[in-house]
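S.K.: One structure is given below, represented as structure tokens, and several questions about it will come after.
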Ligand SMILES: NC(=O)C1=CN([C@@H]2O[C@H](COP(=O)(O)OP(=O)(O)OC[C@H]3O[C@@H](n4cnc5c(N)ncnc54)[C@H](OP(=O)(O)O)[C@@H]3O)[C@@H](O)[C@H]2O)C=CC1
Ligand SMILES: Nc1nc(=O)c2c([nH]1)NC[C@@H]1CN(c3ccc(C(=O)N[C@@H](CCC(=O)O)C(=O)O)cc3)C=[N+]21
């Protein structure tokens, strides 16, 4: 038996960066196999506007694509781009056989209707998994492209917990890009799922019943140590840039939705921010690009006359 002082965290910090590298190695193997058949997957990334965080994410995505052998195409526009032009570009990319995945970085400027843009993407090229055909397919257990962030969270949970069946998972946040698809994936893994949102009463009490917590809200430090059952596994999706002062110097830093230091005293494992879920999102974008490439190849051969 080991003894520890109360200050010593018993917690594992889940290494999302290392896990993402393993996923990217798997993707690179898949890409090499496709190359043997003369196929190079292509990913088109579209960025509208000057949001600095989006610029960083898009740059990271393109760098990782190149690292695994995916051909990437980058389209950047300022925020005056008319919606009709964006839709026309998507239509061209839908028809281009060299393009297997299309990602439109969100959020879009206010003059563009996000839902219309997402619906314009061919479902087989929708590597974000946001199209309603993919979202519906996910809930019905049909083969579909699932959103990258929750897929990455599920991989981290499987590696951390092993068997997930029967565990109570509490997901905080019900967005179409994180919370809802996360709930679908956990349900598919035979968890008992609670999906919390801004109108939920006593989120803390519900969280204290959870074996697994996935926090995807966008409120720094919202999940505190007293929200956790001892031994819970915590996945922190939140990415919040906050101002902090270190040695009289004002800086900004990234924090999640969970108070990491406090939660580390109670949880058995927790993802850090940065270095947790973020790198997994990008790794599964690459995986989805390979999946999309295979899907399109099968669709094309199914359409060929016998
Ligand atoms: N690491 C990564 O790869 C990614 C990180 N993110 C980050 O994850 C966070 C969530 O993103 P996203 O899902 O897009 O955010 P949204 O703003 O779309 O959704 C936030 C959700 O949190 C809920 N919520 C707000 N306040 C509370 C509260 N007090 N108690 C419980 N629920 C609450 C909202 O409820 P309601 O529906 O009732 O309004 C909503 O469902 C952000 O910090 C974002 O930056 C996002 C994508 C990828
Ligand atoms: N169409 C679309 N698809 C998305 O998947 C999508 C999007 N739009 N809009 C924004 C959100 C957010 N998102 C992140 C991806 C990676 C990190 C990431 O790699 N984070 C690093 C830190 C990066 C840094 O230092 O800024 C980490 O957590 O370690 C974060 C956030 C994808 N999103």
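Residue numbering: from 1, along the chain as shown.
Quick reminder: no glycine exception, Cβ is built from N, Cα and C everywhere.
According to TrEMBL, the protein has these features:
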BINDING   173, 174, 175, 239  NADP(+) binding site
DOMAIN    14-128  domain 'Tetrahydrofolate dehydrogenase/cyclohydrolase catalytic'
DOMAIN    147-295  domain 'Tetrahydrofolate dehydrogenase/cyclohydrolase NAD(P)-binding'
S.K.: Determine the mean pLDDT over the domain 'Tetrahydrofolate dehydrogenase/cyclohydrolase catalytic' (14-128), rounding to the nearest whole number.
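M.R.: Mean model confidence (pLDDT) across the domain 'Tetrahydrofolate dehydrogenase/cyclohydrolase catalytic' (14-128) is 97.
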S.K.: Count the Cβ atoms, other than its own, that fall within 10 Å of the Cβ of residue 175 (NADP(+) binding site), considering every protein chain shown.
M.R.: 16
S.K.: Between all pairs in 173, 174, 175, 239 (listed as NADP(+) binders), what's the biggest Cα distance, rounded to the nearest Å?
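M.R.: Largest Cα to Cα distance for the NADP(+)-binding set is 16 Å.
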S.K.: Tell me the Cβ neighbour count for residue 173 (NADP(+) binding site), meaning other Cβ atoms within 10 Å of its Cβ, over all protein chains shown.
M.R.: 23
